[in-house]
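*Asks:* Submitted below is the structure of interest, expressed as structure tokens.
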Amino acid sequence: MAIANKNIIFVAGLGGIGLDTSREIVKSGPKNLVILDRIDNPAAIAELKAINPKVTITFYPYDVTVSVAESTKLLKVIFDKLKTVDLLINGAGILDDYQIERTIAVNFAGTVNTTTAIMAFWDKRKGGPGGVIANICSVTGFNAIYQVPVYSASKAAALSFTNSLAKLAPITGVTAYSINPGITKTTLVHKFNSWLDVEPRVAELLLEHPTQTTLQCAQNFVKAIEANKNGAIWKLDLGRLDAIEWTKHWDSGI
């Protein structure tokens, strides 16, 4: 997918990886970039507008833990204004295994709810034009950081959901792929809580190993958007972009 002249909705587009990805997207010249985030950041929005004044950038406050009905209301406002949306990026995430319910609500249920809401506008069974979904998951969806099992499980769930979305594309007209960053230097990983304090130094230990910058991750994210491969499981780690082949151990047969 060429980003130029496209209409893009980016959930959590002002976060660590999110903000650098928004910068890279804006450089590629979309028609509209609509950022949905829990906390407004006027300085970041102004910076994005300055990068490419030809791009219309709009911000709406949004908490992914709201109901599908509330998400649908907001999306209706956006669709009424833009008429068409080409790409939805689901990027909300938290890393704090003290907050069990919120971790699941943000990292998994939020992705499901926002995706479900946009289907009202995209599903070809309802006369919709289809669309593309990029879900930010994590390499912990492949293999857990076992000291944060709640976070890791929430990302594995989001990855499984995304894989199913891709297989449903012939029915819905909506394609999907997952973006799975490795350990990236953001505020998310500088200090966080392990489950039941099983490893108080988990953040410190992780950062002793090679990482990547948010810019490296963002640049590869844009490459994945441009590749636009339905069902792709992209690993964005150590400055590289690699497609992962999923090992099948069971098949429903239907």
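We count from 1, first residue shown onward.
The backbone N, Cα and C atoms fix where each Cβ goes, and this holds for glycine too.
According to Swiss-Prot:
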- TYR151: active site, proton acceptor (ACT_SITE)
- 10-33: NAD(+) binding site (BINDING)
- SER138: substrate binding site (BINDING)
*Asks:* If you count other Cβ atoms within 10 Å of each one's Cβ, which of the binding-site residues LEU19, ILE25 has the most?
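*Replies:* That would be ILE25, with the highest Cβ count within 10 Å.
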*Asks:* Enumerate same-chain residues with a sequence separation of six or more from SER22 (NAD(+) binding site) and a Cβ-Cβ distance below 8 A; give 'none' if the list is empty.
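*Replies:* Long-range Cβ contacts: PHE10, GLY13, LEU14, LEU33, ILE35, ALA44, LEU48.
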*Asks:* Just name the winner among SER28, SER138 (the binding-site residues) by count of other CB atoms within 10 A of its CB.
*Replies:* SER138
*Asks:* List nothing but the one residue from PHE10, TYR151 whose Cβ has the fewest other Cβ atoms within 10 Å; the candidates are the recorded positions.
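*Replies:* Result for the recorded positions PHE10, TYR151: minimum number of other Cβ atoms within 10 Å at PHE10.
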*Asks:* Among the binding-site residues listed here, GLY13, GLY16, whose Cβ has the fewest other Cβ atoms inside 10 Å?
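*Replies:* Looking at the binding-site residues GLY13, GLY16, the Cβ with the fewest others within 10 Å is that of GLY16.
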*Asks:* Should PHE10 (NAD(+) binding site) be counted as helix, strand, or coil on the basis of DSSP?
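*Replies:* SS state of PHE10 (NAD(+) binding site) = strand.
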*Asks:* Can you figure out which of LEU19, SER28, TYR151 (the recorded positions) comes closest in space to the residue listed as 'substrate binding site', comparing Cα atoms?
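*Replies:* Going through LEU19, SER28, TYR151 one by one, the closest to the residue listed as 'substrate binding site' is TYR151.
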*Asks:* Hey, does DSSP put SER28 (NAD(+) binding site) in a helix, a strand, or just coil?
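*Replies:* In three-state terms, SER28 (NAD(+) binding site) counts as coil.
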